[in-house]
C-alpha cells in the first residue's frame, strides 16, 4: 500500500472502571480504503469505535488522525476534524424529523453545504426523501440506519465510522446499505472503517480486514484473504452466509 | 387473582348491585383518605392551645358524596356510555357524538335567554328570591354563560384550532380594554370600569402572564434542552433582588435595570451551569434544587445587603418610558398629563401590557432560537447527548447557553415582579414556586409554547377563580373558604390531566423545518459552529 495512513491506532488500551476492554489494539486505516473489523460479541469492536471518539478515553496508546493526535481531544473537536460516525444503536434523534436530523449532521458548517449534500444523501437513500417530514423515531429500523449514515455523511467526513450497519436488518436492506457504502467509496473516495458481526458481507466489501478477539487484534489481511482463511471461516462464517 | 373472581361475579351481578358494591369500596377509600384531612381540624382556642376540632358532619357529607357519585357512575353512567358507544358505532357518529349532543342550538338559545333574563334582573334578585336562592341563581347564570361561551367555542372549533396563536395574542391584547368596557357598562361610568378592572387585570391577567413568562423561560431549559431544573425560582429571585436593590440604592430606572437584571440572572445561570455540566436527569434535578435553596438562604441571611427575611420595600414603580409617571404626587403623573380622573388602574393596565410584551418577547426568542443552530442543538441534546457530541456539537457551551437564556428570562420576570409588588422578600422565592412553574411546563407539554400558556391560564387562573366562588358558602356553610382548597384542587387537576394526557396538553413536538422553508434556515444566524 502506498496510500497514506489516515487513522492510526497504536497500542490502545481502554478500561471500563477496572475492566480492561481493549488490551493494546493496533489498527491502521489508509486513505480511500474500506476497512472492516470483525469479531464476536464482547470482543471490544464497539469500544474501539467509541474510543476513537474519546468516550471512553484510551488509557494507554495513541490515536492519530491525519497526523493529529486525537487521543485526548474532546469528542466534538474530534468530530470537527471530519470524522463522522454512525454509532452503535444508530442514535438518531427520535423526536426530530428526518430533515432536522440531517440538519444536525450538517451543523459543522452551519448548513452551508446543506442543500447540495442533502441531495447526495437522497440519491443514495431515496427512501429518506419520502420520509423527510417524519419523526426519526417512527422510521423502520432500516430507514433509521439509513438516516444515521446519512446524518454522518452530512458532515462531509474524511473518515466514516460505521458500527454494525447491518444490525437487525433484513438481508435486502443490508445489501442496499452495503451497496451504498461501496458506492460512496468508489465515487467519492470516502474512507470507511466499519465494525460488523456480519463477517461475510463485511469482508466481501472491505479492502482490508481485522479480526478482534477479547480486546486484541488477532489477525489482519485483505478482505479476500480473510474470507479464505480456514480459521476465520470456522469462527465467523460457518453456519451460513448472511 | 382477585380480578378473575371479580370478573366472574360481575357477569352475574346487575349494574345496580355492582354499583352498590363499588360505592361501598369507594366510601371506605374516601373515609380513609379524608378522615385526617377533613374529619379532624386543628385549631387554637382562646388560651392559644392547639385543639382538635372534629368535623364529622362534613366528613359524612364528603364520603356520602363520593359514594353517591361512584354509585351513579357505575350503576347508570357506565352502562349508558357502553350502550351509547354501540349505538354510535352503528350510526357512525363517533367520536364527535357526545360533544355534538351536548352542544345543540336549542340548548344554546335557552342558555342565552336564561343568562340574559338573569342579567337583566341582576339588581332585584336578592329582593325577589332572598339572598340564599339568589346565590344559586347567580351560580346558575354563570353556568349558562359558560355553556353559551363553550357552545360558541365548540361551533368555531376548527377555526380556533387553526388560528390559535393569533387568536390568543389578540385576546390577550384586547383583554384589559374589554374588561374595562364591560365593567364601565355594568357600573355606568368609566371610573367605575377602571376601578372594577383592578382585580381582573391584576389578579388574573398579570398573575397569569408572570407565570406564562416564567414557564416559557423554564421551557427553554427543561422543554428544549431537556435539563431538569428544580431551582428556576433562584433566577427569578436574582432578577427581583437585582431590580429591588439597584433601584432603591442607586435610583436607576426600570428600563435600565431590566436588562441588567436579565444579565445578572444569565450570569448566575452560567454559574449554576458549570458544576452541573456532567450531570443529567435525577442528579441534575437535585443540584438545581439545592441551588435554588442556596440563593433563598443567602437572601435570608445576608442581612446587610438584602435586609434578610424582612425583605426590601419601597421599590420604585415603573415609569411610562420616562415620559409619564404613575406616582400621584409626581408632576408628570399620567392623569395630570392626559387630563383624566385619577385611578390606580392605569398602572395595572400598563403593567399588564408590559408583562404581555415581555412574555411575547420570550415566546418570540424561543421560536426564533428553535430554528437557529443553537436551538436545534438544544433539542438534539435533549434527545441524545452522545450523538450530539459526535456530530461536533460542543455540549458544554450548548448547555450553558440554555441555562443562561432560560435564566435571563427568569431575571426579566423577576425584575417585573419586584416593580409590580413594590416589595420583595425571600418568602416569594420558595421551592413551591419552582415546582409550580415546572408543573405548568409539564402540564402544558414540554417544549410547546401554546400548551404551556394554556396550562398557566388554567392552573393559575383556575386557582384564582376559586376566590370568586362565594356561592359555595351557601352549600357548605358560611365558614367555608374555597381558597383553602386551591392547592388540593391544583393537585387533583394535575393528576387528572396527567392521566388523560400523559405528555401534557400539547404532547407532540412541532417540527422546526419544512421542505419549502429550507432556505430560511440560513447559516448567517451564528458565527460559532457549535449549533
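The backbone N, Cα and C atoms fix where each Cβ goes, glycine too.
Taken from TrEMBL, the feature transmembrane segment applies to B:23-40 (among others).
Residues or ranges marked as transmembrane segment by TrEMBL: B:52-73 (among others). Same-chain residues lying 6 or more positions outside the transmembrane segment (B:52-73) and placing a CB less than 8 Å from one of its CB atoms are 19-20, 22-27, 30-31, 34-35, 38-43, 476.
As annotated by TrEMBL, transmembrane segment applies to B:105-127 (among others). When Cβ-Cβ distances below 8 Å are used as the criterion, the transmembrane segment (B:105-127) is approached by residues 134, 137-138, 140-141, 144-145, 147-148, 151 of the same chain, each at least six residues removed from its ends.
Counting same-chain residues at least six beyond the ends of the transmembrane segment (B:139-160), those with a Cβ under 8 angstroms from any Cβ of the stretch are 99, 103, 107-108, 111-112, 114-115, 118-119, 167, 471. The annotation transmembrane segment is assigned in TrEMBL to B:139-160 (among others).
Residues or ranges marked as transmembrane segment by TrEMBL: B:166-187 (among others).
What TrEMBL records for B:208-232 (among others) is transmembrane segment.
TrEMBL lists B:252-276 (among others) with the feature transmembrane segment. Counting same-chain residues at least six beyond the ends of the transmembrane segment (B:252-276), those with a Cβ under 8 angstroms from any Cβ of the stretch are 227, 231, 234-236, 238-240, 242-243, 246, 284, 287-288, 291, 295, 316, 318-319, 321-322, 399-400, 403-412, 414-416, 419.
According to TrEMBL, the transmembrane segment annotation covers B:283-302 (among others).
Sequence-distant neighbours of the transmembrane segment (B:349-369) (same chain, 6+ residues past either end, Cβ-Cβ under 8 Å): 169, 172-173, 175-176, 180, 197, 201-202, 205-206, 209-210, 212-213, 216-217, 219-220, 224, 318, 320, 326, 375, 378, 405, 409, 412-413, 416, 419-420, 449. Feature annotation from TrEMBL assigns transmembrane segment to B:349-369 (among others).
Positions annotated as transmembrane segment by TrEMBL: B:400-418 (among others).
For B:430-463 (among others), the entry in TrEMBL reads transmembrane segment. Through the fold, the transmembrane segment (B:430-463) approaches residues 164-165, 168, 204, 207-208, 211-212, 214-216, 218-219, 222-224, 229-234, 236, 289, 292-293, 296, 363, 366-367, 379, 486-487, 489-490, 493-494, 497-498, 501, 503-510 of its own chain, all at least 6 residues removed from its boundaries and within a Cβ separation under 8 Å.
Look at TrEMBL and you will find B:483-500 (among others) tagged as transmembrane segment.
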Spatial neighbours of the transmembrane segment (B:208-232) far in sequence, C-beta under 8 Å, 6+ residues away: 172, 272, 276, 280-282, 284-286, 288-293, 295, 352, 355-356, 358-359, 362-363, 366, 369-370, 375, 378-379, 381-383, 398-399, 402-403, 405-410, 412-413, 416-417, 420, 431, 434-438, 440-441, 444, 446-449, 452-453, 455-457, 459-461, 464
For the transmembrane segment (B:283-302), sequence-distant contacts whose Cβ falls under 8 Å of one of its Cβ atoms, 6 or more beyond its ends: 227-234, 237-238, 241, 268, 272, 275-276, 308-309, 426, 429-431, 434
Sequence-remote partners of the transmembrane segment (B:23-40) [C-beta within less than 8 Å, at least six residues beyond its ends]: 52-56, 58-59, 62-64, 66-71, 74
